[in-house]
Amino acid sequence: MTAVARTTVEASAVPSAPSRDRGGRRLPRILHPVAWWVWALALATAVSRTNNPLLLFLVLAVLGYVVTARRTEAPWARGFKYYLYLALTVVAIRVVFRAVFATGTTPRDHFLFSLPHIPTPDWYAGIQIGGPVSLEAVLSAATDGLRLACMLCCIGAANTLANPKRALRVLPGALYELGVAVTVAISVAPQLVQSVQRVARARKLRAGRTQGLKALRGIVVPVLEDALERSLRLAAAMDSRGYGRAGTATRRSRRATGALMLLGMCGLCTGAYGLLDATAPTFLGLPAMGLGTALCVAGLRLGGRRITRTTYRPDPWRLPEWAVAGSGVVSAVLLFSNLGYDPAQLNPTFYPLTWPDLPLVPTAAILLAGTAGFLAPPPSPVQRADAP
Amino acid sequence: MTSRVATAIRLTPRVGIVMTMAAFLGLVAFFWPFVVAPGTFGSNYAPTLIFGVLLLLVLCVVLSEIAEGGIDSKALAMLGVLSAVNAALRPLGAGTAGIETVFFILVLAGRVYGPGFGFTLGCTSLFASALITGGVGPWMPYQMFGCAFVGMLAGFLPRASGRREVLLLAVYGSLSGFLFGFLLNLSFWPFSLDPDSSIAYLPGLPFTEQWQRYIAFDLATSLGWDTGRAVTNFVCVMLAGPAVLTTFRRAARRARFRAPVRFAAPPTAASGRR
């Protein structure tokens with residue numbers, strides 16, 4: 001009775017502190033990682049359709065809004081700015097390489113300047129280095145690079161927003177061992193940093209050098225010994241907790257799994273061969289590859305039976321997950337449907353040079369994807385870095 | 001000196017067949033710009049994504065087959081810990097003149113613990129590092145595949161001992177660094193450049209011209225990085241190789257991977273009471 005009373009008191013105390021909760025009255029929780037990935041990949045698909053710099057900048061703005069509104073304090077959530085740097089690099093590389101290794105300028109172009117022309121030998125005739133650089137060439141390289149940069153940023157947003165430790169649960173049962181190894185790796189990595197610091201401090205106390213190549217060996221070996229020792233202890237702990245318990249797979253189902261995998265791989269190889277050889281019948285190409293894929297997936301599903309897993313605290317898939325994933329998918333569908341706008345507006349031409357239009361329906365579609373920023377529940381105010 | 005310890009993960013003949021097919025598929029997935037008949041794919045983005053998904057599926061199949069033969073808990077814990085070492089080492093090198101620190105542990109561990117372990121370690125260390133740093137993306141299957149094969153082939157290197165073994169591993173490490181860079185460049189070359197640039201991928205060109213374009217691209221973008229990677233690998237293995245090899249071998253002896261399990265007959269009731 002007292003326990004019930006205590007829980008009700010605690011529950012009523014939660015809404016009394018609204019200043020910490022950025023999402024109004026909604027309870028903070030972590031959105032299902034798959035929902036964020038679906039949203040981001042759908043947005044990346046939508047981006048692949050357009051070359052319009054205005055729409056692309058709008059996508060970047062939407063990504064920036066959603067990431068700032070819904071990211072946590074976890075270490076992987078700080079990576080978005082590196083994706084932005086990477087995006088800038090991509091655009092710069094495109095423009096520079098287009099200018100230096102230039103071909104495809106027409107007499108109607110607006111010439112900006114000319115780079116010195118370097119002659120290449122006859123047997124290397126396909127490559128041109130230097131020559132005139134036109135405004136159209138630079139602009140087309142920049143917008144094309146911007147599209148690639150936007151797709152990169154979509155992936156970066158998914159990495160920032162989705163919790164990778166929870167995403168590991170989506171791995172199929174056949175890859176259970178891989179998932180365990182990666183989970184071990186993620187949990188051990190912080191301990192390794194401590195181990196390195198400990199060894200370095202010990203070296204310092206003995207007046208040993210802590211920098212330079214000689215110190216490398218003095219630090220690497222103790223840290224590795226420590227890590228390997230830890231792995232043996234961990235293995236003993238796993239054994240004592242029942243790792244390696246067999247699942248429900250029988251000998252027959254194991255054989256069937258093997259047969260499915262081998263047949264599937266044969267199908268994939270045949271498909272790959274069909275893609276290489278132009279004279280091969282068409283059914284050897286992508287259809288054979290599809291069949292092989294289906295067989296392999298069936299084999300993986302069947303192979304998952306050799307492990308029984310139970311889930312501790314399963315991630316729910318509720319209305320916010322549907323809303324976030326749906327907003328991304330709907331925007332991709334709108335950009336591929338050509339409904340209510342001229343498809344030419346998505347890819348404005350540079351001949352003649354004009355200011356690009358902002359078509360209404362694609363703009364609305366991209367803004368719709370941005371609603372994920374408030375459709376998703378707010379993340380919990382303090383997300384511990386080592387929380388699962 | 002080279003006391004042959006049991007490899008950590010057993011490779012059955014079935015895994016061997018699957019790995020051979022996986023190697024063929026990997027070659028196609030990396031070298032498609034030169035060999036695919038023109039007009040097979042619509043855009044330059046499509047094949048990269050298709051082959052990325054394909055490589056992911058192939059990796060899943062190979063790993064599942066390896067796991068089917070049984071990974072004991074000691075090998076699994078060692079995989080996890082060494083992946084953590086690799087994931088912690090990786091950010092140290094990234095961004096500074098192409099210094100690549102992942103291959104160092106990968107090559108040595110593949111050598112000591114065998115090809116199956118090397119393959120799995122290549123996958124898990126890149127996967128863990130991508131999860132920690134937020135670097136999951138379509139490039140990951142290519143990287144994982146490359147690293148997996150670097151680790152696996154290290155396990156297949158010929159017998160040698162003493163200084164010769166270290167030299168062999170150092171040369172292998174630097175060569176694999178070069179090859180890895182060359183292949184990974186190839187994986188994003190088709191879409192990373194403006195199609196009007198004269199070193200970009202152009203579907204339908206004859207092999208030699210396409211090859212010349214790619215070599216120019218490789219020279220212009222990443223030869224310096226790859227050289228840096230090769231030199232670091234060589235120097236790291238030469239300097240720290242012997243000590244790390246000894247450490248790994250000692251751990252392998254202590255772990256006794258795949259120790260045969262024998263059930264002794266239960267003691268009789270009379271002897272149990274005494």
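Count begins at 1; order follows the chain as displayed.
Placement of Cβ uses the backbone N, Cα and C atoms for every residue, glycine included.
The region 'Disordered' annotation in TrEMBL covers A:1-23.
Residues annotated as transmembrane segment in TrEMBL: A:30-48 (among others). Same-chain neighbours of the transmembrane segment (A:30-48): 56, 59, 62-63, 70, 72, 147, 150-151, 154-155, 157-158, 161-164, 166-167, 170, 315-317, 320-322, 324-325, 327-329, 331-332, 334-336, 365-366, 369, 372, 376-377, 379-380, counting only residues six or more beyond its ends whose CB sits under 8 Å from a CB of the stretch.
Summarising the annotation, TrEMBL assigns transmembrane segment to A:54-70 (among others). When Cβ-Cβ distances below 8 Å are used as the criterion, the transmembrane segment (A:54-70) is approached by residues 31, 43, 46-47, 80, 143, 146-147, 150, 153-154, 156-157, 160-161, 346, 356, 358-359, 362-363, 366-367, 369-370, 372-374, 376, 378-379 of the same chain, each at least six residues removed from its ends.
Taken from TrEMBL, the feature transmembrane segment covers A:82-101 (among others).
The annotation transmembrane segment is assigned in TrEMBL to A:174-193 (among others).
Sequence-distant contacts of the transmembrane segment (A:259-276) (same chain, six or more residues past either end, CB-CB distance under 8 Å): 282-300, 302-303. Taken from TrEMBL, the feature transmembrane segment covers A:259-276 (among others).
Per TrEMBL, the feature transmembrane segment maps to A:282-302 (among others).
For A:322-339 (among others), the entry in TrEMBL reads transmembrane segment.
The transmembrane segment annotation in TrEMBL covers A:359-376 (among others). Same-chain residues lying 6 or more positions outside the transmembrane segment (A:359-376) and placing a CB less than 8 Å from one of its CB atoms are 23, 31, 35, 39, 42-43, 46, 50, 52, 55, 58-59, 61-62, 65-66, 69-70, 320, 323-324, 327-328, 330-331, 334-335, 339-342, 345-346.
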